[in-house]
């Protein structure tokens, strides 16, 4: 069968590559994809991820069996709704269900209603009221833009000055446009963070192996929040009991609650969690595969990925089985200056020297007229390596990262140290 993946990042590269491993998959198309995907026999389609008419047209012409929509923007713009209305099977939540990611305020109200553990919070549209609440609560405190901000709309403020600046940027300077006209201020939670993704179809929840993402730009979890600078899976210091508790107290009630709200969720429900002294709590929900978590979790899936998605789309029970042994580590190469201002068009060197047993997931790359790869985004690519232990994975992966050393790019040297 032929399949279509919508999106252009490292996550979509990982999804497409995994689909190609499936027995009865002939071609995987990616719209719009990126040039690096071609190296893994993924067919690129020059259609924007939100061009509903173009995508539907192509899916019909290419006789696509089903579509997977990767990023949050097309999900919230109703691309899945459009495919379904056109009679094309699409995996991902419809726009009204993707709101669990699209609005932090909606997610908070939803969690309160269904008794899903999360930090206490309040939502504001007026700067003076928000500032007064901030003064009352003190620091540390967390300030979030209500809408989508590419993973950068959250400030964990340890100093009052930082908190006030974040609030001003969001509400007065409109740093994230309409996304930050409404702001959620929530209590700071201390603990170990981890990501738990699940395949969801209505009330049915099939959890994946957990991962740990590294949100901050610099070593030692310092610097601004990013889309994610690296990840690994599984997370040895988070016990199976904790994961089971998160599935039973967070994912299942969320899936059930969405059905009750008439927002039937079929797709990937991602819970960004923190293990507190009171058990796991929700930091955020996303309505799709995490990036960079997907690049370390999907390679660990032993079941046939295309068959799994097809089963969910046909309301059948899928086989979901992950590797129990070993660990997969992924490190992001980013453009210097990311997540703030960065240059595009910088040449990547050393790509041809990477070991064959290291996976390369392209994200912000493209080929120039000479066929050389240059940067086209903040997060450029991710290298991933599976090994028996984290020490082995780090020892094998970081020399490969060094082959890409270049003043125009940077990466964190400490991804995975917590799991050694």
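Yeah, the Cβs are placed from backbone N, Cα and C, and that goes for glycine too.
According to Swiss-Prot, the features are:
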{"type": "BINDING", "residues": "134-195", "note": "ATP binding site"}
{"type": "BINDING", "residues": "284, 286", "note": "Mg(2+) binding site"}
{"type": "DOMAIN", "residues": "108-314", "note": "domain 'ATP-grasp'"}
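Feature map: Swiss-Prot annotations on the structure.
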| residue | record | contacts (Cβ under 8 Å, 6+ apart) |
| --- | --- | --- |
| 134 | ATP binding site | 141, 160, 163, 164, 167, 185 |
| 142 | ATP binding site | 119, 154, 155, 156, 157, 185, 186, 187, 188 |
| 150 | ATP binding site | 227 |
| 158 | ATP binding site | 139, 140 |
| 166 | ATP binding site | 143, 155, 157 |
| 174 | ATP binding site | 180, 181 |
| 182 | ATP binding site | 105, 123, 124, 125, 145, 146, 147 |
| 190 | ATP binding site | 274, 276 |
| 284 | Mg(2+) binding site | 101, 104, 107, 154, 271, 272 |
| 286 | Mg(2+) binding site | 72, 101, 268, 269, 270, 272 |
Using DSSP, would you call residue 166 (ATP binding site) helix, strand or coil? helix
Quick one: mean pLDDT on the domain 'ATP-grasp' (108-314)? 96
In the three-state scheme derived from DSSP, which category covers residue 150 (ATP binding site)? coil
